[in-house]
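Chemist: According to TrEMBL:
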type	residues	note
DOMAIN	5-137	domain 'MARVEL'
TRANSMEM	6-29	transmembrane segment
TRANSMEM	41-59	transmembrane segment
TRANSMEM	79-100	transmembrane segment
TRANSMEM	112-131	transmembrane segment
DOMAIN	142-278	domain 'MARVEL'
TRANSMEM	173-200	transmembrane segment
TRANSMEM	212-232	transmembrane segment
TRANSMEM	252-272	transmembrane segment
Amino acid sequence: VNLRALTSWVGIARLFAVVLSCLAFSLVASTGHFEGPYGTWCMFTWCFCFAVTLLVLLLELLELYSLLPLSWDDFTSAFSMLAALMVFTSSVIFPAIFISSPCSSNQCARQAVATTASCLCFLAYAVEVALTRAKPGDISSFLSTVPGLLKVFEAYVACLIFSLLDGYSGKPGLMWCVAVYSICFIITLLIIIFTIGRCLTYIPCPLEKMLVGYNFLALLMYLTATVLWPLYSFRGHSRPNSCGRNCLWDKHLGVTFLTIFNLIAYLVDLVYSTRMVFI
């Protein structure tokens with residue numbers, strides 16, 4: 001039994017994440033008010049992060065992770081980054097959709113406490129990411145480096161973009177943007193999976209330079225999408241007065257901002273990757 005898995009700073013952060021995510025989904029479940037896709041997503045996020053973090057703690061406590069056919073450091077780094085992003089999204093979506101003002105009922109109080117627990121859970125995962133991030137010169141775990149963490153961020157933002165895609169059929173400019181999102185997401189996801197599965201060493205080419213080349217290509221592709229998506233989405237279309245929760249105009253605006261976020265992420269990724277390889 002490795003008690004340091006629970007007493008180290010990383011272990012303590014994981015324990016806080018387990019308790020807080022459990023508190024969040026328990027309080028929301030007790031209200032019975034989490035219907036619809038947004039509520040389902042928030043509940044899935046808290047339950048998923050609780051289950052996987054608890055499993056990580058148990059495997060490290062019993063020192064069984066070495067038996068798994070994967071890079072454990074890469075897996076835990078990727079998961080903590082993904083969990084931080086998922087919980088942050090849920091911490092924003094849940095109160096925006098389910099908490100109404102004024103908040104005076106018992107149900108609303110439980111929802112508010114669940115939102116607070118979710119925000120604190122995000123901070124716990126963010127602390128874990130900070131504690132496990134590779135120091136300069138340490139390349140033992142790629143996904144714990146800044147380019148590796150950015151890969152997880154890029155893939156997650158692409159998933160958010162996919163959830164908002166609508167009304168692009170028959171428009172060549174928008175269809176090109178969808179192709180950009182899809183191609184970059186698939187390649188980035190494969191890089192993450194191959195890294196965790198220790199398969200990158202079997203690629204018969206200079207891996208570091210290949211990643212730099214891919215980041216440059218993805219940056220150029222996202223640059224075209226950053227220009228074409230708002231051009232084809234908003235040209236001649238102003239925001240309608242009756243724009244509800246599933247308003248197409250709002251979805252296109254969300255895709256525009258997420259595209260810009262990923263463009264910046266790929267730019268930073270390219271800069272860091274180039275420094276790691278050539279400098």
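Numbering starts at 1 and runs along the chain as it is shown here.
Cβ atoms are placed via backbone N, Cα and C, with glycine included.
Annotations in TrEMBL come from automatic prediction, not curation.
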Chemist: Averaged over the domain 'MARVEL' (142-278), what pLDDT does the predicted model reach?
Modeler: 88
Chemist: Near the transmembrane segment (173-200), which residues from the same chain, at least 6 beyond its ends, have a CB less than 8 A from one of its CBs?
Modeler: 69-71, 74-75, 78, 142-143, 148, 151-152, 154-155, 158-159, 161-162, 165, 167, 207, 211, 214, 218, 221-222, 224-225, 228-229, 231-233, 259, 262, 266
Chemist: Give the residue counts of the domain 'MARVEL' (5-137) per reduced DSSP state, in the order helix, strand, coil.
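Modeler: Split into helix, strand and coil, the domain 'MARVEL' (5-137) gives 109 helix, 0 strand, 24 coil.
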Chemist: How does the domain 'MARVEL' (142-278) divide up by DSSP, counting helix, then strand, then coil residues?
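Modeler: Its residues fall into 109 helix, 0 strand, 28 coil.
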